[in-house]
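Peer 1: Sharing a structure with you now.
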Amino acid sequence: MEDCNVHSAASILASVKEQEARFERLTRALEQERRHVALQLERAQQPGMSSGGMVGSGQPLPMAWQQLVLQEQSPGSQASLATMPEAPEVLEETVTVEEDPGTPTSHVSIVTSEDGTTRRTETKVTKTVKTVTTRTVRQVPLGPDGLPLLDGGPPLGSFADGPLDRHYVLRGGGPAATLSRAYLSSGGGFPDGPEPRDIPSYGSLSRGLGVRPPRTGLLGPGPGDGCFTLPGRREAFPMGSESGPPSGRSLPEHFQAEPYGLEDDTRSLAADDEGGPDLEPDYSTATRRRPEYGRGLRARALEDTADDTGELVEERPPFPAATAPLAQPERGSLGSLDRVVRRSPSVDSTRKEPRWRDPELPEVLAMLRHPVDPVKANAAAYLQHLCFENEGIKRRVRQLRGLPLLVALLDHPRAEVRRRACGALRNLSYGRDADNKAAIRDCGGVPALVRLLRAARDNEVRELVTGTLWNLSSYEPLKMVIIDHGLQTLTHEVIVPHSGWEREPNEDSKPRDAEWTTVFKNTSGCLRNVSSDGAEARRRLRECEGLVDALLHALQSAVGRKDTDNKSVENCVCIMRNLSYHVHKEVPGADRYQEVEPGIPGSAATSQRRRKDDASCFGGKKAKGKKDAEADRNFDTLDLPKRTEAAKGFELLYQPEVVRLYLSLLTESRNFNTLEAAAGALQNLSAGNWMWATYIRATVRKERGLPVLVELLQSETDKVVRAVAIALRNLSLDQRNKDLIGSYAMTELVRNVRNAQAPAHPSAHLEEDTVVAVLNTIHEIVSDSLDNARSLLQARGVPALVALVASSQSVREAKAASHVLQTVWSYKELRGALQRDGWTKAHFQSASTAKGPKGTPNSGGFDDSTLPLVDKNLDGEKSTTRDVIPMDTLGPDGYSTVDRRERRTLGSDSIGDSSEKELLKGPGPAVCSSDHMEVIGRGPSGTDPVLGPGAPPFCVGLAKPLVYLALPSSLLS
């Protein structure tokens, strides 16, 4: 066995030595041949050495050839050779790969490393393949005119060289790492020749695809056709007749969009060794032009030995021009086909390569008109990348009229083009600048987006469309446009299917749960925005078939799955809150349910007895008999209207059954925006002098909702405290609710008044609107209720109110606090206790001398006269010496809490349709959709109507609709 191994090793060693000897002989033969060819070229150039012997970089021609190095690589790999200038005797280089059938097969291979050690590896080798590189020198026949004949051999620069990686010399142009696969000549130099073949054009080609179509004429091939012409022969061709490839630039690389929400950043798929793409709008195929700062050739490129204006262009193995396939638009340009499988650095990172420059914005926009579909798609994707978080680029795109081009591409027959164009529009529609939104509207962007949503079945396209509409819906003039063109489509294509609601449910099947998809989130956010536009917008949404039903079903599904903190739930609750606004005035047939006075029948019993009877609402011990308890469970004398069929559509908005849904959200959700919207919905439904508001107030008490609301007064979120305080004020119009709230909520209300002066911690500080809302709730509770006034004294509310009047720099806060103090002093039964505590009449008769919000005198037109005091006795009789301050002095109607003039001072509109258009103030969450999208974004400033939830406006009695502010960028990821 050992002898066999020794014999095998010896035979292998002998074979290796034999191969080394062959390569050595081959090397010597090639070197000898190289010298022979160099001498021939030197003799051929001697006649013109005196005038044109200096070429390329200034070196003599013989020296240039002496510097040529033949790089031989290992067997099986390519050989890197350089072409030679054309001489009267044209040379051709070839490489042949052949198999040696005489080489014995072996099952053992030995690899010798550089340090001389030998490693033995057992393999199964059937035959040995070797590569023989040869150089052939042959004469090219010349015609009568002295020009080479076409049939004499392939011209220099043709692609008969097989797999060689060569450098070819071109006339004009620049360092073309990307060459056009085919171009058509203008025909200036060969007017008498036949028309060139019609070669298909391509939007962008890979660097190595260097096939040039042979262009022949009566005079043979012209310069620049892949054949090199000697300097001495160039006079045969007029300089003005030379034709070359278009002096353009390569087309953009293939950019793959990446969703970041409602504004995305798309990164390029460029080659690792290439710079950013240069774009030329006029050509479907073009070479990359030489940068102004130099040619920037590769290190292994040789100096041009023929002409100073020539360029060395690296080529890859060719494909036959006649059989090259057409570019596939869906796969992007051919220039990216060899790179789509791997991600490469972004466009910004390619700037390190000094040879190429990034495309200019006008060039990118011009490519949107390109006849090749992949070019359009790539240009739109690159434009989306440029616009990401760049307001300047967005503004320039509008100024250069790029938005109509993108909108037109939304109806393009190619899905990829539509998708990329919509992605660019999503980023362009996000941001503080509303001019882009207006420009998209002016060029028909909203109808085009709606058409695309109806036709698209690809989920990514639907996300892009709905995200763009979400961004556009933050612009006030666009809200009704979206409703007119897209309400039905958004409802029936997205809201209803994704909510799980079925118009005709199958009794045997289980109800479907809602699907919290990105499309549903974007669509609900868009409807959340448009629902705040005004009375007409609310009417259209209420009457949209299936919308209210689907939203309520989605919320019930969220409560059932205890998934109440996501953005989709927040959007749905905000829509319900907005649609509940002024529901007692705007729904059809509301006049039939109006009441003369608020309150429920049978509430004339004494307040003290009602407080004891209903103490169990807050967990206390009941102090009433079984008969009274049964009467309470039956809503006392409440008589709910009888129905012959189930409520549907907008009727579901004000049914008592929705109270349980809102209370569940208030109990389970930890999303402050959802809490605020749910409390605002109860606030809206409990307002107004109509029968359904009476039922809602009683239902909140029956469903044990008062303790839930009182607990939320401890929230550290200002807007939640404000919404809950106003909801409690509207609920206190029910006398039973007033007694319960006065007994169990007064402590929390007073604590919030103290936080307005000296907050326990920074997050507990309340805004002016919230403080005024709390004070007006206290005023409503203590009015006509001696027991509640006593509760205020026991909670030490008087010192807090007096201090607020004396120290507050807000005239609204001081005035609201003065109203409460005067109401307390009006009860004669309490004056003795107040005087014993050191309070005098002067403390309850304060002048409104407070400063404005920042310490400046208030300019709202208020007088500084002392408010009159109102005396009340236990029976609620009015004093004959003083007039009662009517509720009208506190606001525009019986449910308002702030003077209408004061709201105008703060820049707010009066309650009603005009006030609903007030944009939300204050910081919003950090998302985008203009959150989904610059994903969906930054928090809004006071005047930025960007998307996303934000601080709601101050609500006067009735909850105002939420204007959808900017979406936070945290949701993009």
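Glycine is treated like the rest: Cβ placed from N, Cα and C.
What you see is a predicted model, and the numbers here were worked out from it, not measured in a lab.
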Peer 1: According to Swiss-Prot, which of these ranges is motif 'Nuclear localization signal': 608-624, 846-862, 897-913?
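Peer 2: When 608-624, 846-862, 897-913 are checked in Swiss-Prot, motif 'Nuclear localization signal' belongs to 608-624.
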Peer 1: Out of 233-254, 497-518, which range is noted as region 'Disordered' by Swiss-Prot?
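Peer 2: Spelled out, Swiss-Prot records region 'Disordered' over residues 233-254, not the other listed ranges.
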Peer 1: Quick check on the annotations: Swiss-Prot lists region 'Disordered' for one of 128-158, 593-623. Which range is it?
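Peer 2: It is 593-623 that Swiss-Prot describes as region 'Disordered'.
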Peer 1: Looking at the stretches 349-388, 391-430, 434-468, 641-681, 694-733, which one shares the most CB pairs under 8 Å with the repeat 'ARM 10' (777-821)?
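Peer 2: By the under-8 Å Cβ criterion, the repeat 'ARM 10' (777-821) pairs most with 694-733.
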Peer 1: Residues sitting near the repeat 'ARM 7' (641-681): Cβ under 8 Å, six or more positions beyond its termini, same chain?
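Peer 2: Counting only partners 6 or more residues beyond its ends, the repeat 'ARM 7' (641-681) has Cβ contacts under 8 Å with 542-543, 545, 548-549, 552, 555-556, 559, 562, 564-566, 569-570, 573-574, 576-577, 579-580, 583-584, 587, 691-692, 695-696, 699-700, 703-705, 708-709, 712, 715, 717, 719-720, 722-724, 727, 925, 949, 952, 955, 959, 962.
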